[in-house]
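Engineer: Following this message is one structure expressed as structure tokens.
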């Protein structure tokens, strides 16, 4: 059964709500697919394409930051005069930090699109990396600002982001956990997480988009477009609220949410209510 408009709209809403929260949007889309009337995993391609919508929200929200970083990076490399060294370095770190997820994404492409979408793996990753986030939030020193980001840490952020190729890890959850463990403030870790995602998510989304042109799309292009638009609108609202919350609030509600959802998923799998797939 093909996916209907209401289902696609719901998945777009879910993508927008969960992409920037440390709860794994890919896990939520993977799980939700099992309960929809069409009863199917929307697939890695649908997930990647709808993420273009949420990353457009990042571009809009962080436009002035991105332009400032890009200008400093260009002025440094084209020797156009004075530039902000911290912004130029951040530009390089976003580029270098994107390398791990690109390399590993291409190397493990088949596993990412098939075997790693097994819901048992998703459930375990939700629990394990939820606990990691909780520990990071508790023991992290939270003293460094984004303009203090160094090369070593920027690259470690990149490897943490690459872990999110496994549904259940969470791209933002992995990078935020890494940032907290490295001593960065909650807001600094979250902001760099959002900026670091731009090249990787756009790259993955447009790769899947162009790859899918001319092929049979099990979801439907109209439905995919609707989901992407909804993901953009909802994602922007989530960024606004989330960045206000993380400056003063703990990540523990997200930790408990991940752990509970992970165990519920294991129970549903164990009792045969849903199949693991993958």
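Just so you know, the numbers here start at 1 and follow the chain as drawn.
Quick reminder: no glycine exception, Cβ is built from N, Cα and C everywhere.
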Engineer: To which of the residue ranges 43-63, 64-84 does Swiss-Prot assign the term transmembrane segment?
Structural biologist: 43-63
Engineer: Kindly point out the range from 4-24, 88-108 that Swiss-Prot annotates with transmembrane segment.
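Structural biologist: It is 88-108 that Swiss-Prot describes as transmembrane segment.
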Engineer: Select from 173-193, 194-214 the stretch of residues annotated by Swiss-Prot as transmembrane segment.
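Structural biologist: Going through 173-193, 194-214 one by one, Swiss-Prot flags 194-214 as transmembrane segment.
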Engineer: Quick check: do the transmembrane segment (119-139) and the transmembrane segment (194-214) share at least 3 Cβ pairs under 8 Å, counting only pairs 6+ apart in sequence?
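Structural biologist: Result for the transmembrane segment (119-139) with the transmembrane segment (194-214) is no.
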Engineer: Taking the transmembrane segment (194-214) as reference, which of 43-63, 226-246, 254-274 has the most Cβ pairs under 8 angstroms?
Structural biologist: 43-63
Engineer: Give me the stretch from 43-63, 149-169, 226-246, 254-274 with the greatest number of Cβ pairs under 8 Å to the transmembrane segment (88-108).
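Structural biologist: That would be 149-169.
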Engineer: Sort out the residues at least 6 away from either end of the transmembrane segment (226-246), same chain, that have Cβ-Cβ distances under 8 Å to it, and list them.
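Structural biologist: For the transmembrane segment (226-246), the far contacts come to 5, 8-9, 11-13, 15-17, 19-21, 46, 49-54, 56-58, 60-61, 186-187, 190-191, 194.
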